[in-house]
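What follows is one structure encoded as structure tokens, with my remarks underneath.
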Ligand SMILES: [Zn+2]
């Protein structure tokens, strides 16, 4: 049996349960493709029975991926299992993840089921799923707060019914490494089986122990780790998969087993998800934070210059942090620009390159030195706009009086239809946002507004993030531009575009 540590990514399922995170259909597809490139073994693409949107994106991801297994989540409910079957049937490797809560608090307060009823449900639904899937994964939700003898009984029932992957969720982030590791050891010692069973860890970071708990599971025989990029997820988030992958790599002397992750794609994957989620990675975040490889103190800098290994246990290149020294400028030509794109790892076709070069010239006219970060922002911004459902055609602002501003906004949809409206407000942003609300004819509440400078200097490009509430649904938008007002306008239009009236099942999304 293959003994590498499998990486099960749930960025699109558990990760999307992060408050305010709402990936669009296109973003989900892009993330899935990038995760395949990064080398994850399984992608949990969604919870198909929960909404039409989730069903459709699981279906599209199943069709798009060629090597990575695609998994859908299901409660112990037949229609959930049917939905996963329908949504994943075109996948190269379709998978299902069936779960039911097993802890006393969940049995008594949420499910209102006795132990016997829980056991009967596991038997019935794992067997049912096994009719459709070669590989069935079962999770006893809130496993770490489940009485150990009952947990063993649940797992034995699932294994007898045909489950070949047993995932142990620390659903509320309650466990600590020694305790969590011992659960894995006990299960492997106790479960009787005539087929191979893989044990999998799924941790939450409420006490900051998600990665440590996952590593303890590996030390105790787990062969699969579930988590998300950048550790995004409900509350304090999930296990940060990039930390697990690098932990196993850097300390292979201890852990032995490796993942199949393509480490050089780590930074790019993290960046993509941070951008689509609208959640900036903290600067000091391990592996992917902006400061993860910078040295401030003189002694450290001196050491690193003499020999990087004095203070670096891994290089930035290992995880795909790409930088080149020389900035471009006004006089840089097509050739220099093209060379720079290659050096930064972009594979752009000649036509796109022509359009990008024009944009680059505009930036070079405004900025003396066009740095690597400017180029990254340029490409990301352009890509972002190409995929936008609505484009901002015109934004006009006028000072009225007494601090009042008026704004005229014209937007264009993908079929070329334009809509426009105008409004006044107590400042430019308020005026712009009122005008956009009028275009979409919706009542909104602004939850969050944030400007990040993507690049260095006072002439930096701005990245504006907004979060708005429409009919109790929180949606986010991002806009990148040199002009802060235009970036603000773009981000707000994107948030409106992301609003979809959809229904989600109320219970049980919290495995
Ligand atoms: Zn979870």
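A Cβ is built for glycine as well, from the same backbone N, Cα and C atoms used for every other residue.
TrEMBL lists 202, 204, 238 as binding Mn(2+), and of 9, 14, 421 the one it places in that same site is 14. With a 10 A radius on its CB, residue 204 (Mn(2+) binding site) counts 27 other CB atoms from all the protein chains.
For the binding-site residues 14, 238, the largest tally of other C-beta atoms within 10 A is found at 238.
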